[in-house]
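Input: a single structure, listed below in structure tokens.
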């Protein structure tokens, strides 16, 4: 496929065991483009700013090409050195990676610790036909062994070879394979007998996007303005300061007061409508980019999920690695019966600990997926119990005190400034009162809503206000149980019950102490009766 | 199992914590001495907070911590209780222990005590530490628990 070095083989047709190899030379281009990409926007801004002042431009023009060439060289050279100094080996018992230009690091990952081999493909590598291979060990994040980048066929072969070696290393441990846009033949051969569990057609994505209303775009715009403020022809802060100092706002005010009531209402409506429209549009775009052609299938190996428009991902999660389920929803989407299902598992899903398996679905669609993973969704027959009311009372009290304190400080400062009674002072009082009653209402609602239950195989918890979520964990897959109590909890006899779970958090906050002890005893009995090594695989 | 009486730790654990408190106070004592000698403030002023700190760290806290700690080892699980202000009561079933450590610092070695550390695969409470055991007790507990740890099979 490509040329080979005398001692280090490059992408050959076969992968020999115990042979040192290099990643694809094209990865130099991919890395270089990435770093140049991050430098090009500021560079463009600088050039643009320079171009506005013509005398500077004429001085700059002859140097333009050499400067750009230098920028590219500065970016490409380290990328090339990195490529030259990086080598990996698929050994008989481990995968090794040596890298570093001056200080070398050598990492070895034994096969029985490799949990999944995932291939990921971002936009630029995808254009160059490259993939990033990750050997995940469950350590999470930066400690994983990563090869960036190899060619698509090479990635596919690496996955096959390593998968074979991993299965040889530990017959019982199935591996979690995640991959990205595979060449067609491989897929069709292996995937016979797959069942489609869940898919999201474009109409569903559109609904999902509309519910994912997001105003992040405004924050991004503000951030961009701050970042490149120095390049703008005027100073934003000064402009706003001038706006007030010159009483230009009075002009705007008189302009508005010159309008009739209908025009004013229309103006406000227009403002609100445009903000809502932008929010909805950004939600829809984000959803389409992330979840395009979302498909969840049950394969012989486990659950297989494919999604993505620009960055396509293809993840396989073995059934026995699912530690717990999370069924989440939102305040509004709950009214329409929409929920999202995700798994807590040992492997990571592009940075987040939970794997989305059905991000936007009706409960009737979620139930079969849950039972496929070996969980049963809570029914009405469950004996749900509430946390201690004292916990919510204390929390509400503390939050109210904080609000009161801040309000008091603001009030004193404002009163000292005003030097006489002005209506503004009453407004501060009113805001504090409203905030405190909101806090109280929230805590009361939470106490009414939050609950937990224990069934023969599972522990269940339902929490939350704006984004309520139900967590379901398998009792035998928990590792330890802790009862934690702060000073207030000891005074009012409530505690937190925290379970040690692989790959995620699972805690019941504010339980009555007796309740927590009963729960703990029951859960411990089912944990202790099953040895970890004999957990269902 | 919550009703079982807790086993107390070795009394010399208090002494070890006292010495640790002494070591923590030492830099403050030196600082206060320097301040007194510099005569920026009256000589007795820096002594007041240092004395309070010493009383808490050397006199009060080690005893309180000693009394708040305890453990209970049954046939298939270990319960570790600790915390003066913030209580914590953790139970680890032996069948979930991944590996075990017995650790000894220089001070602990001097007094013949050790820490037993249980590692689990959970993200929360990934390692549960039980300090202040007699070294012999710690190793025999480790052997006892090790019988239950079959094979790590992740």
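Here the Cβ of each residue, glycine as well, is placed from N, Cα and C on the backbone.
Within the model, the domain 'YdbS-like PH' (A:83-160) carries an average pLDDT of 78. The annotation domain 'YdbS-like PH' is assigned in TrEMBL to A:83-160 (among others).
Per DSSP, the domain 'YdbS-like PH' (A:294-340) is made up of 7 helix, 24 strand, 16 coil. Look at TrEMBL and you will find A:294-340 (among others) tagged as domain 'YdbS-like PH'.
Positions annotated as domain 'YdbS-like PH' by TrEMBL: A:448-521 (among others).
Feature annotation from TrEMBL assigns transmembrane segment to A:32-51 (among others).
Same-chain residues lying 6 or more positions outside the transmembrane segment (A:63-83) and placing a CB less than 8 Å from one of its CB atoms are 22-23, 25, 27-28, 31-32, 35-36, 39, 43, 47, 99, 101. Summarising the annotation, TrEMBL assigns transmembrane segment to A:63-83 (among others).
The feature transmembrane segment is assigned by TrEMBL to A:205-225 (among others). Long-range contacts of the transmembrane segment (A:205-225) within the same chain, counting only residues at least 6 positions beyond its ends with a Cβ under 8 Å from a Cβ of the stretch, are 232, 236, 275-276, 278-280, 282-288, 291-292, 294, 330, 332-333, 338, 359-360.
The transmembrane segment annotation in TrEMBL covers A:268-289 (among others).
Among the features that TrEMBL reports, transmembrane segment is placed at A:396-416 (among others).
According to TrEMBL, the feature transmembrane segment maps to A:422-441 (among others). Cβ atoms under 8 Å from those of the transmembrane segment (A:422-441) belong to residues 396, 399-400, 403-404, 407, 410-411, 414-415 of the same chain, restricted to positions at least 6 beyond its ends.
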